[in-house]
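The following features are taken from TrEMBL:
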DOMAIN    35-165  domain 'MARVEL'
TRANSMEM  73-92  transmembrane segment
TRANSMEM  113-132  transmembrane segment
TRANSMEM  144-164  transmembrane segment
Amino acid sequence: MVVTEYQGGNETYTTETRQEGGRTSKVFGLLDMRYLKGIPGLLKAFEAGLSLIGYICVETSIQCLSGITTYGFFKFVTLLALITTLILWAVLLLQIHTRILKCDCFDWPFIEICYYGFIIVLYFFADVFLGIHACTIGHKAGDAFGWFAWVAFCIDFLFCFYHWRQERKRPQTEAVDTPSEPRY
């Protein structure tokens, strides 16, 4: 770990460079700037934005009696995706999983894969049901943004799955006791 301090006016900023798992991440204060500017960080912000827009489109539309439960389910899924994606984004941006939870008992890429699988299934059904029961232009727009969010979640799922596979293929560098001939 390399620590660098910068003077800016009457404040001092600290930058750390960490090497974890073969990846170097630059931390500015509390934020991991490499994650923030990288594809996973931008995808999570994009997913949250699309979920919010889809929710707003459906929430502000006139409700038809034939699809009230469908609209409620769609709003539940979009808010669930929005809140959990923002929480996951904050955990990974602030490196909470490496700073506070310093044990290796959590496989974070696998946890993300499970999360995205769950959200993808929920979004798929919510989008299909909303597409069937959409009666106003707001519902149709919400459905379109729901499908865009679904595609973004699928892309993020593929990135997480690829990263998880690469982590599992990487040879372990830990010392392993190999049995040798006994010494007498």
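One-based numbering along the chain as shown.
Yeah, the Cβs are placed from backbone N, Cα and C, and that goes for glycine too.
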From the DSSP assignment alone, can you count helix, strand and coil residues within the domain 'MARVEL' (35-165)? 112 helix, 0 strand, 19 coil
At a C-beta cut-off of under 8 Å, are there same-chain residues at least 6 beyond the transmembrane segment (144-164) that contact it? List them, or none. 39-40, 43-44, 46-47, 50-51, 53-54, 57, 74, 77-78, 81, 107, 109-110, 112-113, 116-117, 119-120, 123-124, 126-127, 130
